[in-house]
Amino acid sequence: MLFSTLADIPQILVRRATPALFAIIMGTGAISVLFTIFPYTHGSKPMITLSLIIFFSNLCLFVFFFALVIAKYVHYPQKWSSLLRNPVTSLYCGCFPMGATTLINIAVLVIHTRYHVGGKGFLYFLWSMWWLDVVISFVCCWVGLHFMFTYQKHSLQSMTAMWLLPVVTLIVASSTGGVMAQALQPYSTSYALTTIVVSVFMVAVGLSLALMILTIYLLRLITYGIPPGGTVLSVFLPLGPTSQSGYAVLLIGQAFGTLFPPISGDSQFLQNFNGNSAGVVLDIVCTCIAFVLWSLATMWIIYALLAIYSGLRSSKIVFRVNFWGLIFPNCVYATLTIQLANAFDSGTLRVWGSAYAVAVFLLWMLVALRSLWEMKTFIIHHHPNSGTMDEKIDEFEQQFDRRWIPSHDSARTSITEPP
């Protein structure tokens, strides 16, 4: 019976494939970035090795999930329409470009910059992948919001922080643009400046939309209270746009510090600056903006911890796939904290960022190990009864949903049954 169940798994995986799988790629990729910037072992060979191990594992997982999703929607083309009209599952489409950006970051920071693999040609290939990611991010944001306006039904009571997913795609892509611009500068300052200008546009649009949605979300929390059950985990999602936009703005300021044309004039104020005065001013302004956004993210952490505490007192939070949604926003908060510690040369921020990074890594380990254990237990102890192939697959899927997918009431803020 076990071998029969294992033989049915490929077909089941294709039928159950969903864009929400790329939330795993996002979280794992962000963990890989943390290894490269951890302050007390920065640049050490063991940390870089661990980062690359996670990167290549994540890359294989990305290709596997991509193949599953493509196979599903090629084999069941009618599912495209139901995906776009689904008010919950459609939001997870943004996880695809955001997961891809984490792979591009490591490829630029480690594989190209540190080990010089591929040289200029490889960097330009990564740059082209970034442009493709930018296009997909704009589609997810603008088309995704358009479908929310026109083809989906939403209400304030059912609203969750998942509404942020389509707009955060622009912010995440802009931060990768900051990483890309620094790598492009030795080869072409014009390409680097173009990348930064596009990144400024993306973070401005994405952050503006995110702040609008966060205002509505705060109203929803005040009016209807904390989301019930496992959906309370979604209160950590506001860390994503606030922290990631802060990180993007910080990188943009650093790039402008060397790329922006210098200001000339007879002003005594300008004469006090050495070198690229305009870039220095913009770098300082962007660093201050990044700190303000870090402050907002820290505020949301306090609200999230209080919400988790209240949720645990009222009900038990059962392990589901939506636990993966905790990893990415907390990772980018740790990343921003460490980068601000470097910018301000602050020991306090450095300690706080390092401690938070370790905590997020432990959380990632627990979620990953628990996911593997749950899947193993499910395959061994849950198998369909005798019947036709379609009946066995339908029964197996129902058992899968009961174990992994939140109930209908809570699914509106986490992962629902794919269309």
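Using the three backbone atoms N, Cα and C, a Cβ is placed for every residue, glycine included.
Unlike curated records, TrEMBL annotations are generated automatically.
Record features (TrEMBL):
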| type | residues | note |
| --- | --- | --- |
| TRANSMEM | 20-41 | transmembrane segment |
| TRANSMEM | 47-70 | transmembrane segment |
| TRANSMEM | 91-112 | transmembrane segment |
| TRANSMEM | 124-149 | transmembrane segment |
| TRANSMEM | 161-184 | transmembrane segment |
| TRANSMEM | 196-219 | transmembrane segment |
| TRANSMEM | 280-309 | transmembrane segment |
| TRANSMEM | 321-341 | transmembrane segment |
| TRANSMEM | 353-373 | transmembrane segment |
Region pair the transmembrane segment (20-41) / the transmembrane segment (321-341), three or more CB pairs under 8 Å: yes
Dominant neighbour of the transmembrane segment (91-112) in 124-149, 161-184, 196-219, 280-309, 321-341, by Cβ pairs under 8 Å: 161-184
Non-local residues, at least 6 beyond the ends, that sit with Cβ under 8 Å of the transmembrane segment (321-341): 20, 23-24, 26-28, 30-31, 33-34, 37-39, 98, 230-231, 233-234, 236-240, 243-244, 246-247, 250, 287, 290-291, 293-294, 297-298, 301, 347-350, 352-354, 356-357, 359-360, 363-364, 367, 370-371, 404-406, 413-415
